[in-house]
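Working notes, beginning with the structure itself.
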Amino acid sequence: MSQNYYQILGVSKTASQADLKKAYLKLAKQYHPDTTDAKDAEKKFKAINAAYDVLKDEQKRAAYDRLGHDAFQNQQSRGGGGNHGGFHPDINDIFGDFFSDFMGGSRRSSRPTSAKVRGSDLKYNLTINLEEAFHGIEKNINFSSAVKCDTCHGSGSEKGETVTTCDACSGVGATRMQQGFFTIEQACHKCQGNGHIIKNPCKKCHGMGRYHKQRNLSVNIPAGVENGTRIRHTGEGEAGIRGGNSGDLYVDITIKPHDIYKVDGANLHCKLPISFVNAALGGEIEVPVIEGGKVSLTIPAGTQNGDQLRLRSKGMSKMRSTIRGDMLTHIHVEVPKNLSKRQRELLEEFKKESINEKENDGSFFNKMKSLWS
């Protein structure tokens with residue numbers, strides 16, 4: 001079994017961005033082709049870069065945690081992402097940002113460091129059975145997502161500290177420069193285009209205002225939900241960055257195939273086996289229904305194999321409605337394979353009576369004659 005990205009970097013699933021970066025820098029230096037002659041260095045270096053490329057990005061990491069390693073890779077390959085080919089980042093580029101943190105250099109990411117960013121929406125696939133879809137149900141689901149930091153309450157700033165307005169751009173996030181007839185606008189170099197500055201980032205969330213954890217959530221599945229229904233839970237998605245609004249959670253419903261019923265909109269179809277005696281003579285038969293229990297169905301005398309009998313308002317419930325669909329029973333007349341002596345005698349008598357009736361009315365011979373005329 002191949003290693004997942006956390007195992008490749010040697011960190012836990014709850015590792016912070018600082019821990020990820022530290023692990024990446026250590027491994028990148030160890031396996032970079034410019035620093036070692038080991039045979040498998042290039043392969044390991046590619047794997048390390050692929051892992052860090054995903055986990056350093058909050059949205060990619062959330063998708064990776066949600067889908068799992070194999071499913072995420074398949075999705076990336078279909079979308080054309082995640083293929084680094086033979087490209088090797090320069091060793092100086094890898095450690096440039098690392099050294100600038102200590103030296104106050106200008107090698108800084110252009111990614112916003114203080115701006116509020118809305119959290120990503122999440123998708124959860126939930127499978128239920130047909131009875132649960134009929135009655136409706138409360139389901140507890142478990143998933144990993146970014147949650148608002150409970151230490152800084154999403155601000156990204158250390159407790160007691162405030163997020164200050166950038167004095168270089170007055171909170172605009174950009175500066176303007178006049179060159180002749182042209183005005184050039186560029187991102188503020190001091191706040192990186194955000195308009196605000198976090199002087200002391202929160203230690204728990206490293207200034208992001210959120211961190212990843214496993215969540216348990218109770219979701220309500222309404223009665224009459226159909227296969228493929230998407231239910232939106234506002235604000236239950238990824239927490240926003242630095243106080244940004246949370247995304248939404250979308251629960252996609254899949255209904256498992258049923259052993260007895262087939263669903264057609266709000267109607268239910270089922271195969272109903274009956275004896276040839278009941279088919280001929282008619283009668284009452286007990287039929288199971290989706291809400292539980294049984295109801296009586298009248299079988300008309302002379303019912304044929306393949307006939308369809310309807311039980312009104314015994315189908316599926318409809319969302320936000322008191323109306324129900326129907327249940328349609330498809331008759332399957334069963335012919336006995338093993339007859340007792342008495343049963344055979346009775347059928348022989350029935351056979352003779354049937355032949356005599358057809359001979360008397362001439363219908364049988366007329367039909368045969370017409371076949372040869």
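Glycine residues also receive a Cβ, built from the backbone N, Cα and C atoms like all the rest.
According to Swiss-Prot, the domain 'J' annotation covers 4-68, on the basis of sequence analysis. The helix, strand and coil residue counts that DSSP assigns across the domain 'J' (4-68) are 45 helix, 0 strand, 20 coil.
Look at Swiss-Prot and you will find 136-214 tagged as zinc finger, backed by sequence analysis.
Annotated repeat 'CXXCXGXG motif' per Swiss-Prot: 149-156 (among others), in sequence order. Panel annotation: around the repeat 'CXXCXGXG motif' (149-156), residues 114, 163, 198, 201-205, 207-211, 239-244 of the same chain, lying at least six beyond its termini, place a Cβ under 8 Å from a Cβ of the stretch.
Per Swiss-Prot, the feature Zn(2+) 1 binding site maps to CYS149, CYS152, CYS202, CYS205. Taking the Cβ of CYS202 (Zn(2+) 1 binding site) as centre and 10 Å as the limit, one finds 24 other Cβ atoms among all the protein chains shown. CYS202 (Zn(2+) 1 binding site) carries neither a helix nor a strand DSSP state and counts as coil.
Sequence annotations record features per position, and here Swiss-Prot assigns repeat 'CXXCXGXG motif' to 166-173 (among others). Cβ atoms under 8 Å from those of the repeat 'CXXCXGXG motif' (166-173) belong to residues 115, 187-191, 193-197 of the same chain, restricted to positions at least 6 beyond its ends.
The annotation Zn(2+) 2 binding site is assigned in Swiss-Prot to CYS166, CYS169, CYS188, CYS191. Of all Cβ atoms in the protein chains displayed, 25 besides its own lie within 10 Å of the Cβ of CYS191 (Zn(2+) 2 binding site).
Taken from Swiss-Prot, the feature repeat 'CXXCXGXG motif' covers 188-195 (among others). Across the repeat 'CXXCXGXG motif' (188-195), the prediction's mean pLDDT works out to 78.
Residues or ranges marked as repeat 'CXXCXGXG motif' by Swiss-Prot: 202-209 (among others). Sequence-distant contacts of the repeat 'CXXCXGXG motif' (202-209), counting only residues of its own chain at least 6 positions beyond either end whose CB sits under 8 Å from a CB of the stretch, comprise 16-18, 58, 113, 148-149, 151-152, 154-159, 239-244.
Neighbours of the Zn(2+) 2 site: apart from CYS166, CYS169, CYS188, CYS191, residues of the same chain with C-beta atoms within 8 angstroms of the site's C-beta centroid are ASP167, ALA168, SER170, GLY171, VAL172, GLY173, ALA174, THR175, HIS189, LYS190, GLN192, GLY193, ASN194, GLY195, HIS196, ILE197. Fewest other C-beta atoms within 10 Å: among the binding-site residues CYS152, CYS188, that description fits CYS188.
A sphere of 10 angstroms centred on the C-beta of CYS169 (Zn(2+) 2 binding site) encloses 20 other C-beta atoms.
Here the binding-site residues are CYS149, CYS205, and the one whose Cβ sees the fewest other Cβ atoms within 10 Å is CYS149.
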